[in-house]
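Just below is one structure, and these are the notes that go with it.
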C-alpha cells in the first residue's frame, strides 16, 4: 500500500497540500485545503482554500497560522490518486449496479409491508374488535410512523459505521418484528410490532440515497436514483395487490409471514453484493491498517488520520453527537431541506391516503371484493413505472445538456426541470379520480386519474431525491433523513383523517381540496429552487459549492467542489 505521506494527500483542515509525487490531473476532485487546479485564476490557485469544518473559504495567511506546528507528526490518509480502485466511484459498472439493485430491493420490500396489510384491515378489525376508523387506519399507517423517526438515527449512524452495515442490521431488526406481527394476540401488540418493524425498515429509505451518492458521479446518478426512488413508491402499490388475494384466500397473518420470506432472500443477496461504499469509513479502515504497521519510534509520523478527520473532533462521543444532531441542523438551517421537506411531505401524505382509501372506493362505490379491488393498485403502479422510466431516460440527458450550456459545470438545480411535469400531473389526477368516483363513472376513468397521480408523485419524488443527493453528497443520508422525517409523518397522519374527510365532503370535493393544496405547494417549489437554489447553497454550511473554475474537457466526472460535506 502506498505511503499516504507521499501520495499528494496531506490536507488537513486548512493546510495546503504539498505534492512530492506527480500532481493530480484536473479531473481529480480537490479536497479542503487543497489548491485548485492551475487553470484557475492566480488568486484562487494561491489563496482560495476551504476550511474542513465549515466549508468556508479562508485566506492563505489564516491557513498558514492554523497549520503551523500541527501537521509535523500526522500522516494523512487519502485515496491513492483519482483512479484508486478502492474508491467506490471507480468500481466497475457491474459492481455499481449490483449494489444499486440490492439497495433498491431493500427499499422495495419494506414499503411492501407498509401497505400490504391494507386489504386485510377488515379481518384484523373483526378479530381484535376494533371499531374506531382511526385505529383501523393506524394498523396500516403506524408502520410509516417508524419511517419518520428511524432515519433520524440510522442515517447519521451510517456516516459513522458505514452504509452497508447499518442497512443490513436494520433490515434484520425489521425482519424480526415483521414476523412478530403475524403472531400478534391483540391490537396493541400489532400496532407496537408494526411501529418497530417500520423503524428497522426505514434505513434503506435514507441510507440508500447515500449509497448511490457514494457510487455514482453526478451525470450518471439520475438513472440509478430513478430506479432506487421507484422502489419506495412501487412497493406500497404491489403490497395491496398481493395482500388482497392472501387475505381473501388465507389469513391476515400470512400477509406478514410472506413478506418476511421474501425479505430473507433480499438479506442474503445483500451479504454478497452490498459492499461498503462510504468513503470516510473506507479510508478509516485503510488508516487503521497503516497505523498497525507504523514504526512509531523510527517514523517522523506518529499519528495516522484520514483527510476527513479534524484536529478537534476525535472522541467517539463528539463524533456520535455531531452525526445524530446533523439531520436536525439541516432541517433547522437549510432552506433547501425545508422547502423540499414540506413539498415531499404533502405528496407522500397523498400517496398513503390513496393506499388506504382505494379499498373503500372500489368496495363501496364499485362493490368489488378485496381480491378484485386490489387489482386497481396496478393503475397506480403503471403511472409510477412509466413515469419513472421516462425520468430515468431524460433526467441525466437534461442534466448533461444544461451542464454543457453552463460551461461544463454541473449544478444540482439541473434536476429541477423534470419536476415540473409532476407538479401538474398530480392535481389533474386528483381531480379526475375524485370526481369519477363521486359520479360513479366507469372504473377505468378512476384508474386513469389514479395513474396520473402516480405519474406526478414519482416525477416529483425522483427529482427531489436526486437534488438532495447532488446537493449534500457526503451527508446525503442525513439530508434525506431530515426530508423523510416530515414526509413519513404526513404518510402516517393523512390516512387517519381521510375516511372522515371523504364521508363528509365526498370524493370529488375532498380531492379538489387536495389538488388545490398540490398547486399551492407544487408550483412555487421548482421556481424557488431554480432561481435561488445556487444562492442558498453558496451560504450553506453543508451543501456542495459550485466550482470556481471552468473544467477541462476531461473533467466530466468531478464537478462537485469539496466541502467537509462533499469530498468525493
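Heads up, the Cβ atoms here are built off N, Cα and C, so glycines get one too.
All TrEMBL annotations are machine predictions without curation.
What you are looking at is a predicted structure, and each value in this text was computed from that prediction instead of being measured.
Among the residue ranges 300-320, 510-530, the one that TrEMBL annotates as transmembrane segment is 510-530. Sequence-distant neighbours of the transmembrane segment (375-395) (same chain, 6+ residues past either end, Cβ-Cβ under 8 Å): 222-223, 225-227, 229-230, 233-234, 237-238, 240-241, 244, 354-355, 358, 362, 415, 418, 422, 425, 429, 443, 446-448, 450-459, 462-463, 466.
A Cβ distance under 8 Å defines the sequence-distant neighbours of the transmembrane segment (416-435), meaning residues of its chain 6+ beyond its ends; these are 347, 350, 383, 387, 391, 394-395, 398, 402, 445-446, 448-464, 467, 507-512, 514-516, 518-519, 522-523, 525-526, 529-530, 533.
Within the chain, the transmembrane segment (335-355) has long-range Cβ neighbours (under 8 A, six or more residues past its boundaries) at 114-115, 118, 140-141, 144, 233, 236-237, 240, 377, 380, 426, 430, 450, 453, 456-457, 460-461, 464, 467-468, 471, 479, 482-495, 498, 514, 517-518, 521-522, 525, 528-529, 533, 536-537, 540, 543.
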